[in-house]
Amino acid sequence: MRNPDTLGLWTKTMVALRRFTVLAIATVSVFLITDLGLPQAASAYPFWAQETAPLTPREATGRIVCANCHLAQKAAEVEIPQAVLPDTVFEAVVKIPYDLDSQQVLGDGSKGGLNVGAVLMLPEGFKIAPPDRLSEGLKEKVGGTYFQPYREDMENVVIVGPLPGEQYQEIVFPVLSPDPAKDKSINYGKFAVHLGANRGRGQIYPTGLLSNNNAFKAPNAGTISEVNALEAGGYQLILTTADGTETVDIPAGPELIVSAGQTVEAGEFLTNNPNVGGFGQKDTEVVLQNPTRIKFLVLFLAGIMLSQILLVLKKKQIEKVQAAELNF
């Protein structure tokens, strides 16, 4: 006849096995998280950024240089997978939302639709996928969108635009991930992705001059003695100040909100603000996942599940033996 303490021994064994299982899972989880968390080793014309910042569109402060010309802040979004495998094509979806009913001031002062543009900074080694790697479905999403590298030697930084905003509030970038097995300079890990996207014309040209998509101010305090409408559009204001008279030219586009005889302070607005566009920036991350690690993780989890099943079967076997002993 067996010792009746068998049940107590079995209980202690089960507790020990469960503790080991929990510890093993926690260890693997911490390993994965820490390893993946740190990497190893004046219109919507994005190419104007190349003139002002030929080396990189991202300043040391983290700001995309498009913000130097597009002064208004607007929303921008980028959607990418949380993790991708090496040598895989995936979608980076850029969203540039705005009110489709809005009209911007064009260069000649007339109103028109907004254009959109974007610059997408991918991790080193990532690039726009070649056409022969795109599926039929992805080709349809991309359409005729033309993607251009920021520099010839910088395939991971891509610019697009200007594009008609009515059709391209959502732009699909087909991205090809690198393969560390083929390129030893690339490592697995988590990497940053930066987006800069604008809609509408900017307020400042790369030369530093103001565009007509601005609110214009009085340069000095004084009285507006004359308001002359120009034949080509816009206005010429004669401002009488304490030092004499001064001419203020207002280009075609902004609406005048002052009149002759009105006294203004220095810096007071003379026109409305016609700008309906703006720039948005978004930062996110993508993980270049090691497929071998995934295989080992699957095997590890399968082993845990198998051990749990065997433990349950063993428990039932012991319970049957104990029941037989009690009946004996």
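Here the Cβ of each residue, glycine as well, is placed from N, Cα and C on the backbone.
Going by Swiss-Prot, these are the annotated features:
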- Y45, C66, C69, H70: heme binding site (BINDING)
- 1-44: signal peptide (SIGNAL)
- 296-313: transmembrane segment (TRANSMEM)
Sparsest-packed of the listed binding-site residues (C66, C69) - C-beta count within 10 angstroms: C69
All-chain count of other Cβ atoms within 10 Å of H70 (heme binding site): 28
